């Protein structure tokens, strides 16, 4: 039933043709079951394991690697002279692909749990009244249908969306925090809410499915079941939300596509260039064998071009980032989101508990100082402290005072304790104080403990004992006999108390009362001034209300309660405690004591975090279910708005936002800083508008209602104290629910992205070097310098360790003073690509040069001519050109070892270069990152292991090198440092706006030094 909240009880009953005393007949139940279906949320239709596994292989780079593995395996099967070593390459490639697939499947499985977590809010049983049986009967909740008359009482979980028709207790309170985020339980009533557009918070006559009864007993008619409930609509919205890839994932996908196209072109080119060599004598004159040989080289090229270690290094770097974030109370559930935090441009933050402490606290109060006729003055106190721990100072005009010196405060403290059903409790695990009961009542308990009006000695007491000693003292003086519960009509509650011993308040019973100032003052005839009782005139009442209104508006927007006492209350025997409508007549002839103003105070560190966000170019939007005035007041206190800033066009209520056209809503989202009185649908809509403007949004939330928006936003941030559904839908969980932890996580995300750029640059330049080396050997007709299994070793192990260590680079000092990078900013800019090509080109040439040096110049080598080397495949055919040369020399492992050693050494030096994108090694030396030095040492150690351990040297087809050969390796390797220093020098000068000609002078000079080193070096 739509708009059930706006219909009267009779209209709802007639709509379902139901008698509130007898319930539905069995025929009606069957009819409605057929019409509306079962009262349950359908299970999520998840993907099968095989679907998830196959999805992991739906990537161009992965497909190319898989194809390379299959081809290598097939070629190894048909190879005549190869042993088990031939299968190492396809086996290692498959191992990499399987490992990546396992990680991918695990992450997807993790993400699917959000919708399933909703089912925990479905109750198993419900209490209904039906025509087949008299009285209340328990049935399975899934069998409940719209029109059923349901009864609920304290502790029950609401089985469906229910329209209240009758309340049996004084009041009925519902804890609907999971759905609306309201921290205080809500009092419900049976009256119609005439607004058809009312938000869930304003539907005071509806009990929502999955929420809990905090107090009272009532009966209602079911108006929505299954997917037609408020929680069901959230489930529908979540299932319709598509997963969006993070900016990094999108860039890596684009990079993969570009790389795969380049790989395909180069592989075809290498194969085509060598068509003329297919029938060389080395292939036995067989054109097919020659074609297969060069096909193997093309496969090796594909393996060389793909950075197999990149996924593992990225995962490791992100995992390290999550550990650092966890230390800052930000627990990351989805690894890719770590990097996304770095480009967050908008943070949409909940107010309650994130920007504020979610611990109501009395900050101001006033009592009468004097009354002379209609002339009067107030004493106004301020109270410090923003948590439930009763530590804080009571000040008057900035000076600390003793509450014991003010007799009125004796009575005020007593009312706070005795007219109260709540308490504070010390959580031994978390080492914090928590509320037991209502937030507003807990604030009064804490106030009384801070006041300590009876000067109770607290020295030597532990934290728990010192926090309850005032309460214990007051409870030795007074005994609570009964409570007149809060009701909507009088907006107050009171406690009938009798004295246990003589006190300044008198020897007779008292009725201590608290409530809305307007309602309490109506029933006040006197006011307390010190220990005297003075008549309260209408003029004085107006003055109290005026000051109360000042507390409730402006910068503070405090929630005010008036405290009063009935000095001579009616006798209990004359009261009818079962009829709440008569409570109003018992709370009469009250004496006004004072007014306390409380608020959910902002966290101390939030204001500084807002300033940091502004400096970092991040817009903070506060989204809350609170009313507009309260929300704006808090926003002014924390710096989202200036003290006197006009909020027109920057602050919208949910209703105001709905009244705008689509284009106006989009415009509002582009400049707004506050949305108040919002529903879950508003949050999702705001995220959609921000995404359409290419903003990267982080959205916070804690309730079930927040889950769709958390899932839709690029970064969903759930509160540690939030619901399981919110945590499952989010990418990150704040252990301390603190906004400042989000800012710390954003800073970490930016640092991680900078480090990722460095190791991606490092790995890609290495791969370009490998491609260049294979391309050169194939194009020039040189013997193989590197084979696939060696390339895999370099890509995965030798390069992987320093690349991972680059993730430990310290963040730049100015990282939070730069604007967020754009989501569509390329991973590789034009200048970076040129640097990759320059470094990669040198790596490839040096690698091939190392192998060629052994053939042409080494004392232990054959000392061939360049022509002989480039025509080595003709050696087996004989001829004068190869007279006296043993053709087996072309299978010697020395040249491959030289090439591999040059490649590894250059890559270690290149890792050193990657410490900073533009800073020289003189400014940022290697010991800035001790992990990098350790990883370089380990990589060299592993390289020596495969060279000097016989079993491994056979697998990798390498051999030990002598001192002269190692000296040559260093000669080929060291220039890469000089080359990168030149490129960094140019980058710095260009970014500083220096003259291009000056740059060219420096560049020419540096290149001259470089070539002099190559030609005349040792």
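Counting starts with 1 at the first residue shown.
The backbone N, Cα and C atoms fix where each Cβ goes, glycine too.
The annotation Ca(2+) 2 binding site is assigned in Swiss-Prot to 303, 304, 306, 308, 795, 799.
Taken from Swiss-Prot, the feature Mg(2+) binding site applies to 702, 706.
Swiss-Prot lists 767, 770, 798, 799, 907 with the feature Ca(2+) 1 binding site.
As annotated by Swiss-Prot, topological domain 'Cytoplasmic' applies to 1-48 (among others), with the evidence given as similarity to another entry. For the topological domain 'Cytoplasmic' (1-48), the mean pLDDT of the prediction comes to 89.
The topological domain 'Lumenal' annotation in Swiss-Prot covers 70-88 (among others) and is backed by similarity to another entry.
If you look up Swiss-Prot, you'll see 110-252 (among others) marked as topological domain 'Cytoplasmic', on the strength of similarity to another entry.
Among the features that Swiss-Prot reports, topological domain 'Lumenal' is placed at 273-294 (among others), with the record citing similarity to another entry.
The topological domain 'Cytoplasmic' annotation in Swiss-Prot covers 313-756 (among others), and the record cites similarity to another entry as its basis.
Long-range neighbours of the topological domain 'Lumenal' (777-786) within the same chain, counting only residues 6 or more positions beyond its ends whose Cβ lies under 8 Å from a Cβ of the stretch, are 270, 273-274, 277, 294, 297, 300-301, 304, 770, 847-848, 850-852, 855, 869-873, 890, 895-896, 899-900, 903. Sequence annotations record features per position, and here Swiss-Prot assigns topological domain 'Lumenal' to 777-786 (among others) based on similarity to another entry.
Counting same-chain residues at least six beyond the ends of the topological domain 'Cytoplasmic' (808-827), those with a Cβ under 8 angstroms from any Cβ of the stretch are 247-248, 250-252, 254-255, 320, 342-345, 612, 615-618, 694, 696, 746-748, 750-751, 753-755, 757-758, 760, 915-916, 928-929, 931-932. The topological domain 'Cytoplasmic' annotation in Swiss-Prot covers 808-827 (among others).
Assigned with DSSP, the residues of the topological domain 'Lumenal' (851-896) fall into helix, strand and coil as follows: 29 helix, 0 strand, 17 coil. The topological domain 'Lumenal' annotation in Swiss-Prot covers 851-896 (among others).
Sequence-distant contacts of the topological domain 'Cytoplasmic' (917-929) (same chain, at least 6 residues past either end, Cβ-Cβ under 8 Å): 754, 757-758, 761, 805-806, 808-810, 977, 981, 984-985, 987-988, 991. Positions annotated as topological domain 'Cytoplasmic' by Swiss-Prot: 917-929 (among others).
Within the chain, the topological domain 'Lumenal' (949-963) has long-range Cβ neighbours (under 8 A, six or more residues past its boundaries) at 85, 88, 787, 789-790, 793, 860, 893-894, 896-898, 900-901, 969. If you look up Swiss-Prot, you'll see 949-963 (among others) marked as topological domain 'Lumenal'.
The feature topological domain 'Cytoplasmic' is assigned by Swiss-Prot to 985-1018 (among others), with similarity to another entry given as support.
If you look up Swiss-Prot, you'll see 49-69 (among others) marked as transmembrane segment, on the strength of similarity to another entry.
What Swiss-Prot lists as transmembrane segment is 89-109 (among others).
Classification of residue 706 (Mg(2+) binding site) by DSSP places it within a helix. Within the same chain, the transmembrane segment (930-948) packs against the transmembrane segment (897-916): three or more Cβ pairs sit under 8 Å, each pair at least 6 residues apart. Beyond its flanks by at least six residues, the transmembrane segment (897-916) meets 758-759, 761-762, 765-766, 769-770, 773, 785-786, 790, 794, 798-799, 802-803, 805-806, 809, 839, 842-843, 846-851, 853-854, 923-924, 926, 928-929, 932, 935-936, 939-940, 943, 947, 956, 958-961, 965-966, 968-970, 972-974, 976-977, 980-981, 984 of its own chain at Cβ-Cβ distances under 8 Å. The Cα of residue 798 (Ca(2+) 1 binding site) lies closest to that of 306, out of the binding-site residues 306, 702, 706. Counting same-chain residues at least six beyond the ends of the transmembrane segment (828-850), those with a Cβ under 8 angstroms from any Cβ of the stretch are 255, 760-761, 764-773, 775-777, 780, 782, 785-786, 895, 898-899, 901-903, 906-907, 910, 913, 968-969, 972-973, 975-976, 979-980, 983, 987, 990. Looking at residue 770 (Ca(2+) 1 binding site) and residue 795 (Ca(2+) 2 binding site), their Cα atoms lie 10 Å from each other. Within 10 Å of the Cα of residue 306 (Ca(2+) 2 binding site), the following binding-site residues from the list 706, 767, 907 place their own Cα: 767.
Counting residue by residue with DSSP, the topological domain 'Cytoplasmic' (110-252) contains 41 helix, 45 strand, 57 coil.
Per DSSP, the topological domain 'Lumenal' (949-963) is made up of 8 helix, 0 strand, 7 coil. Ranking the binding-site residues 767, 799, 907 by Cα distance from residue 702 (Mg(2+) binding site) puts 799 first. According to DSSP, the secondary structure content of the topological domain 'Cytoplasmic' (917-929) in residues is 3 helix, 0 strand, 10 coil.
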